[in-house]
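Shown next, in structure tokens, is the structure this report addresses.
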Amino acid sequence: MPSSVTQPAYGPVGAWFNFLLSTNGGHLALLSTYLFAAFVRWTTALNGYSGAGIPPLHGDFEAQRHWMEITTALPRKEWYRYDLKYWGLDYPLLTAYHSWLMGRVGEMINPAWMSLDASRGFESEGLKTFMRLTALVTEWTIYVPAVVLFANRWVGHGARVKKNVLIFLILLQPGLTIIDHGHFQYNSAMLGFTLWTVVALITGHHLLASVFFVMALNFKQMALFYAIPVFTYLLGTCWQSRRGLQLFVKLGAVVVSTFAIIFVIYSTNSSDILQVFQRVFPVERGLYEDKVANVWCAISVLVKLRQVFEMQSLVYLSLTATLLASLPSSIQVFRDPRPLPLLYALLNVSLAFFLFAFQVHEKSILLPALPATLLILDDTFVAAFFNTVALYSMLPLLIKDDLLLPYVLLGALWLAITAFSWSEAPKLQRVFASASYIVIAALHILQATVPPPARYPDLYTLANVLVSTALFVLMAVYFNYRQFQITPLTTTLSAGKLKKR
């Protein structure tokens, strides 16, 4: 009997798709993935969420609902000005438009959910179900189709098992699931527009890619984490093209036009537009939020940077460090604007932003987690390990949101469906990951059984920050190394025979 039958590739997930495709059940492969992914998301949604029952501000769930409230109840010029101390709108315009659309739907179902001021802190079961459904519909409308198209293009028309495994693993990434459907946000929209950008770039539709990326930027400003590699990829494409100058001009025109359309819908008044920018980029928030697994927070365990340096100095320091960390990867993708270097550049630069940028919060790890997950069948072991550490790095936030049960179950599921990667991983990687998992498991056990000393109530949170940051820095070095090992030949082969044009 062939080894491919006795030892299916990609573990139990691959065995399932092998079974379907070998028994004329191929038409059920994608449907089974959709159903299982939806089941995982909805069961996650049955748990806690950000700010549940915690007045007066509640949390991100209330922030998203409140934005629906003000965008449906107020004229547009008031959206970014109304009662800024109570979850003032501070995301770009596409988030505001999305909030307006979802708010209109919610208003038709139950006007009390969107009643100006009177609906603050509203937490009925009907509202929670509606809000959870908006997150699911948003993801299935923007993100999921992009995942399927990416997998079809990345793997190619053959290798149906591999293609279905890739879709399954991307949709079961634990971090995005627990943040959007547990904690509650709409990161899938921004990440979805980014993935549409990637699909357009690797298929040679550069102008369309520019439109999608502007939409990503205008849904969440965190998409700036991807801006440098997208720009250098396009610039490198222009540089190597016979009609590069013409393409460059067209790209500039498309970017400006897309921004203009998005802003003109909102207002043509310069004061209104300036207010949007002031709300979207609030420097006064500080170097980082809460305890986040990046370099600045890790250093602050020993040296209180925010007490030693002025705010402006910290802005310059973080900007310089971020650009320096992003530079090698960006130069490489400019010189070799192909699909595989693009994914590594998106990963390396977004990870550099997470580790060194100004005003980063723990959920920002979802940005490097996207390209890491897209590379799950190209750099399987480390990509899977990265997602596990990313989930662990958000543990303090998830405990606060009463999401410990889905954290454990999603983490265990991820380890189970990616366990096949251990068989082919180099010994050094397996030893390193094993040691890391032992440390992380020990911290979990200690946190569950031994209360922190009264003098150091944040001891386990700080341990999480230090361990996660150290692992992210080491993986940043590894992923940069991997990007510089790519040659044009391996790029073509690894990306499923993709071509630059």
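Just so you know, glycine gets a Cβ as well, placed from its N, Cα and C.
TrEMBL annotations: computationally assigned, not manually curated.
What TrEMBL records for 164-184, 190-216, 223-242, 248-266, 314-334, 340-358, 365-392, 404-422, 431-450, 462-481 is transmembrane segment.
The transmembrane segment (462-481) and the transmembrane segment (190-216) are not in contact, since fewer than 3 Cβ pairs between them lie under 8 Å (pairs 6 or more apart in sequence). If one looks beyond the transmembrane segment (223-242) by at least 6 residues along the same chain, the residues whose Cβ comes under 8 Å of a Cβ in the stretch are 190, 193-194, 197, 201, 206, 209-210, 213, 216-217, 248, 251, 326, 329-331, 333-337, 342, 345-346, 348-350, 353-354, 357, 364, 367-368, 500. Proximity of the transmembrane segment (248-266) to the transmembrane segment (190-216) is established through 3 or more Cβ-Cβ distances under 8 Å for residue pairs spaced 6 or more apart.
When each of 190-216, 340-358, 431-450 is scored by its Cβ pairs under 8 Å to the transmembrane segment (365-392), the top-ranked stretch turns out to be 340-358. Remote same-chain residues near the transmembrane segment (404-422) are listed as 9-14, 40, 43-44, 47, 168-169, 172-174, 177-178, 182, 376, 380-381, 384, 387-388, 391-392, 395, 398, 430 (criterion: CB distance under 8 Å, separation of at least six residues from the stretch ends).
Sequence-distant contacts of the transmembrane segment (340-358) (same chain, at least 6 residues past either end, Cβ-Cβ under 8 Å): 198, 201-202, 224-226, 228-230, 232-233, 283, 287, 294-296, 314-315, 318-319, 321-322, 325-326, 328-330, 332-333, 364-365, 367-368, 370-372, 374-375, 378, 469, 472-473, 475-476, 479-480, 482-483, 486, 490-491, 494-495, 498.
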